[in-house]
Amino acid sequence: MAKDVNTIGVLTSGGDAPGMNAAIRAVVRMGLARGKRVMGIRKGFEGLLNEDIIDMNARSVSDIIQRGGTILYTARCEEFFTLEGQTKGANICRKYGIDGLVVIGGDGSFKGAKALSGLGINTIGVPGTIDLDINCTDYTIGFDTAVNTAMEAIDKIRDTSTSHERCSVVEVMGRHSGYIALWCGITNGSEDVLIPEVGNITTEELINNIVSNRKKGKKHHLIIVAEGVGGTEKLARELEEKTGIETRATILGHLQRGGSPTAVDRMHGSMMGAYAVDLLCEGKSNVVVSYKNGDYTYYSIEESNKMKKVINKRQIEVSQILDKYTL
Ligand SMILES: Nc1ncnc2c1ncn2[C@@H]1O[C@H](COP(=O)(O)OP(=O)(O)OP(=O)(O)O)[C@@H](O)[C@H]1O
Ligand SMILES: O=P(O)(O)OC[C@H]1O[C@](O)(CO)[C@@H](O)[C@@H]1O
Ligand SMILES: [Mg+2]
């Protein structure tokens, strides 16, 4: 018999992502609609350990769907890596009557969720990260907004780069993942993209590309580097030194995590948050909500961890062909 959940807790953890507020709103309102009490835990697992816990009602989530960031705040919490911290967290949940918990975050946060589940708190993960690096799902809340923000910023860099006939090396976020970089590579029409998932072209090959494009009359050369590859400033210095072409490095950084969520992120946030509540009501625990082949489903956290996230080979191929095609 499925354990009946009476009180649902919701927290956001890891890096914030646009659309997390839509997910919080959906958890709160769907939870209330299903007759549950809903509590918000502020500042992720750190807030749980500090008992930063508030009652949520339908009004607590008014006027947030359009806002970036997370109204519950977020954190990275060292103590939660330890069994002692996890046990303390589970006991605090019990103290507040929280018998079902929705953790909105990335792969790291789901490891915390799994630990709580093992300690008797029914826990559901909702994928919220701009990195798109959760194995079991085709989509993670925040990616679309982040990639659009990065794309618009890179368009602007391209304007000035072309005016000065420079080479630009732009680093986008993605701790271990190249999705934002690959998407920007295609949508910004960059000359080269470096991502951590595949063997990248060498610095020598980059230099050859820059020099040969310049000979063909190209006014700019745009290289996009995923954060997981790193070395952006050093690479820019080396390219300038060896090509004699003025080169600038730009690290886009945290601006990619902010801003009003796109319709895609509001939609997935709302649908995934609502689905997480229904899974709790069915007695599920230790699972991650997933968007696969156009529909919502779920995988156990173990299963998700074992699955391999395969970067889209066709996107890499298309990116490389379109990048290199110069008249
Ligand atoms: N192995 C683990 N066991 C228990 N808790 C963990 C574990 N890994 C991570 N956590 C908890 O989850 C928090 C967030 O993890 P992490 O910093 O990896 O971010 P994330 O959820 O992957 O999101 P993002 O990568 O998008 O920023 C950690 O600070 C920690 O509190
Ligand atoms: O905000 P912080 O702690 O600097 O984290 C940055 C990391 O978080 C992410 O933005 C994901 O949330 C990664 O792309 C990046 O490596
Ligand atoms: Mg992560």
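Even glycines carry a Cβ here, placed using N, Cα and C.
Noted in TrEMBL for the protein shown:
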type: ACT_SITE; residues: Asp131; note: active site, proton acceptor
type: BINDING; residues: Gly15, Arg76, Cys77, Gly106, Asp107, Gly108, Ser109; note: ATP binding site
type: BINDING; residues: Arg25, Ala26, Val27, Val28, Arg29, Arg158, Gly189, Ser190, Glu191, Lys216, Lys218, Lys219, His220; note: ADP binding site
type: BINDING; residues: Asp107; note: Mg(2+) binding site
type: BINDING; residues: Thr129, Ile130, Asp131, Arg166, Met173, Gly174, Arg175, Glu227, Arg248, His254, Leu255, Gln256, Arg257; note: substrate binding site
type: DOMAIN; residues: 8-280; note: domain 'Phosphofructokinase'
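Feature map: annotations from TrEMBL on the structure.
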| residue | record | Cβ neighbours (10 Å) |
| --- | --- | --- |
| Gly15 | ATP binding site | 24 |
| Arg25 | ADP binding site | 25 |
| Arg29 | ADP binding site | 20 |
| Arg76 | ATP binding site | 14 |
| Cys77 | ATP binding site | 22 |
| Asp107 | ATP binding site | 23 |
| Ser109 | ATP binding site | 28 |
| Arg175 | substrate binding site | 15 |
| Glu191 | ADP binding site | 21 |
| Lys218 | ADP binding site | 18 |
Give me the CA-CA distance between Arg25 (ADP binding site) and Thr129 (substrate binding site), in Å, as a whole number.
17
Select, from Gly15, Val27, Asp131, Met173, each of the recorded positions with a Cβ positioned under 6 A from at least one atom of ligand 2; if none does, say none.
Gly15, Asp131, Met173
For Leu255 (substrate binding site), which residues in the same chain are close in space, meaning a Cβ under 8 Å from its Cβ, but six or more apart along the sequence?
Thr149, Ala153
Please determine which of the binding-site residues listed here (Val27, Met173, Arg248) has the lowest count of neighbouring CB atoms within 10 Å.
Arg248
DSSP on Ser109 (ATP binding site), three-state: which is it?
helix
What residue among the binding-site residues Gly106, Gly108, Gly189 has the most other CB atoms lying within 10 A of its CB?
Gly106
Filtering Arg25, Arg29, Gly189, Glu191, His220, Leu255 (binding-site residues) by proximity to ligand 1: which pass a Cβ cutoff of under 6 Å to any of its atoms?
none
Can you list which of the binding-site residues Gly15, Gly106, Gly108, Ser109, Gly189, Glu191 have their Cβ under 6 Å from some atom of ligand 3?
Gly106, Gly108
